[in-house]
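Peer 1: First, the structure itself, so that you have it in front of you.
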Amino acid sequence: MKSVESLTEAEAAEELTRLADEIAAHDIRYYREDAPTISDAAYDALRRRNDELEAAFPHLIRENSPSLRIGAARAEQFAPVEHGVPMLSLDNAFSDADALEFDARVKRFLRLDEEVAYTAEPKIDGLSCSIRYENGRLVRAATRGDGRVGEDVTANVRTIGEIPQKLHGQAWPEVIEIRGEVYLGHAEFAALNEAAASAGQKTYANPRNAAAGSLRQIDPKITAQRPLRFFAYAWGFVSAPFAQTQWEALQALKAWGFRTTPQSRCVKGAEGLMEAYREMEAERPHLGFDIDGVVYKVDRLEWQQRLGFVSRAPRWGIARKFPAEQARTVLEAIDIQVGRTGALTPVARLTPVTVGGVVVTNATLHNADEIARLDVRVGDTVVLQRAGDVIPQILRVIPEERPKDSVPYDFPHVCPCPLRTEVVRETTASGAETVVRRCSGEFACPFQRINHLLHFVSRRAFDIEGLGEKQLTAFFERGWIKAPADIFRLHEKRDELLAMERMGETSVGNLLANIEARRTIGLDRFIYGLGIRHIGETTATVMARGYGTAAHFLEAMDKVAARDPEAVEELDALDQIGGAVIEAAAAFFGEDHNRAMVEDLAGQLTILDAEKPKTDTAVAGKTVVFTGALERMTRDEAKAQAERLGAKVSGSVSKKTDIVVAGPGAGSKLKTAAELGIQVLTEDEWLEMVGS
């Protein structure tokens, strides 16, 4: 990566655009989907790079800059709640120097020579929540959302025992928004995951994801079953002042019935900030819940008001982040996992070690090249890190502790499946080798088959509830389900199902009913469910609309496999279809066993024709962007409606955009549309235009 100083303006603009898109995608995964894919440290590095570029090229700051945005927009399944006072985030500090500079900035701004009093509070790693009380009674609760508009989770919050339905005492303001963190302790998290695993359900990667997923359930009864906890630490809108300092406010929150972090303390000056950080870092492993830093706040509220805010964060507070926790352990073995498409992934099996309050027993090694780079071997003592307290990874080997009989790891040349088929290294179209090694056995490989079946029943494919990894593996090992079509013959095994442990009349009946409900399926889901490489959800939808019927699709794929020029040209002409998709489709349908599997499956189903996009509507051929909160339909419904009417839906506004449909909470996209002179419609105007 080039240094900021060496970048041209064009290079900086290009990188800022990429960073904005990348950070926005990670914000959605973290705040809305509760499923982050990178570590906190990696995310912070992206933001720091963005900030450095904007500092060097301030004229390139865009409306959608991550430095001007908080969190992610609310999910459509929750009603919008506008916060009385925005829920802002804090700037981060990563070193003593950063924290000292924060103290110096505060003193410069306030023109003080005296030491400033601060509160130092543990930064809880959970889901931020704002709870509104009127006349002492809980009336509404919302997630952070994008900082201005959050998600209504009132019914779910009412099920959390540590959140009072009525404030204690009497000295509370008439209206107040209490802010805090919903979280799960380590013991509760372990129990929740153990119960989920026993029931064959998906487990959570960490307590933060579990807390967020539990709070954002559609059914409050599910939330009520989760042992969620809550720490209060701040407030938003308040009808009358109730404290003169942050410390006094924390004591008031306790008096009103909330739990506050017992580790919080009041400190003086820069020395106090350093001492509080060191003490909390030492206490961290013993707390029983996750914290990822220390929050410093100017204690005196009058000074907080004077300091005010800059961009998306207050001047009076900062979050001093902990480095990712590390631990030493022994690599006992390297196992090879085989994915749905045959990719071999090495997994390190470790002597159990506690990192960040979680017992870690394995870590991904990614690929053969990574093993070679680390020169990691069985028996090595390694330094392990739960990166961002999310994904365990091996940082390095401690060579001086390596056993004398150690030998370099030899990546397998045959698949670990019973067939022992050859492993081949993937190459690009130009012939260059990639890091991926694949089993050449395809569906003959049982490991690929079980992962293919898991993809087939997944939510975005056939969405068969009750068929998780545990159940599918058990049915596969018994020989009942070897291919997708076998799922629809499972009713023939009803007696055998009832004889299985934990499979009573109700659970068997529900499972078979769920399977029957998926005998009728849309062509797009059918195509996606086949699990063909490079054919994801969007591509499957494009292909379904392009071919219209299952018969046309299957006939065309046979011809593509035979390299029929007209069939290949027809596929290539579809929007977003390129060479990788054509090659993958040809390879898949060129295998007799794949073709037999597809025909067997199609014989069990009623595959609905895809609805052809219309060409004679007011929006046919136009590019539409939906932004803000939609009140009469979900975002997915709006997208599907627009595409049925022949429009193309985009996630960003550009010169190619024809229409922007803006609801409450529309932000930078609306401003960009105005600057570019793009037609802007309300939701009602859009529905009137399309005749709905």
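From the backbone N, Cα and C atoms, a Cβ is placed for every residue, glycine too.
Under the heading active site, N6-AMP-lysine intermediate, Swiss-Prot lists Lys123. If you look up Swiss-Prot, you'll see Asp40, Ala41, Ala42, Tyr43, Asp44, Ser89, Leu90, Glu121, Arg144, Glu181, Lys297, Lys321 marked as NAD(+) binding site. Positions annotated as Zn(2+) binding site by Swiss-Prot: Cys415, Cys417, Cys439, Cys445. Under the heading domain 'BRCT', Swiss-Prot lists 614-692, citing sequence analysis as support.
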Peer 1: I'd like the Cβ neighbour count for Cys417 (Zn(2+) binding site), meaning other Cβ atoms within 10 Å of its Cβ, all protein chains included.
Peer 2: 18
Peer 1: Tell me whether Ala42 (NAD(+) binding site) sits in a helix, a strand or coil according to DSSP.
Peer 2: helix
Peer 1: Near Lys297 (NAD(+) binding site), how many other Cβ atoms are within 10 Å of its Cβ?
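Peer 2: I count 23 other Cβ atoms within 10 Å of it.
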Peer 1: For Lys123 (active site, N6-AMP-lysine intermediate) and Lys297 (NAD(+) binding site), what Cα-Cα distance in Å is obtained after rounding to a whole number?
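Peer 2: Checking the Cα atoms of Lys123 (active site, N6-AMP-lysine intermediate) and Lys297 (NAD(+) binding site) gives a distance of 12 Å.
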Peer 1: Which number gives the other C-beta atoms within 10 angstroms of the C-beta of Arg144 (NAD(+) binding site), all protein chains shown included?
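Peer 2: By my count, 24.
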Peer 1: I'm checking region-level scores; what's the whole-number mean pLDDT for the domain 'BRCT' (614-692)?
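Peer 2: Residues in the domain 'BRCT' (614-692) carry a mean pLDDT of 84 in this prediction.
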Peer 1: Given a separation of at least six residues and a C-beta threshold under 8 Å, show me what packs close to Asp44 (NAD(+) binding site) in the same chain.
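Peer 2: Spatial neighbours, sequence-distant, of Asp44 (NAD(+) binding site): Asn92, Phe94, Lys321.
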Peer 1: On a C-alpha basis, identify the one among Ala42, Leu90, Arg144, Lys297 that is nearest to Cys415 (Zn(2+) binding site); the candidates are the binding-site residues.
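Peer 2: The smallest Cα gap between Cys415 (Zn(2+) binding site) and any of the binding-site residues is with Ala42.
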Peer 1: Take the C-alpha atoms of Ala42 (NAD(+) binding site) and Cys439 (Zn(2+) binding site) and report the distance between them in angstrom, rounded.
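Peer 2: A Cα-Cα distance of 31 Å.
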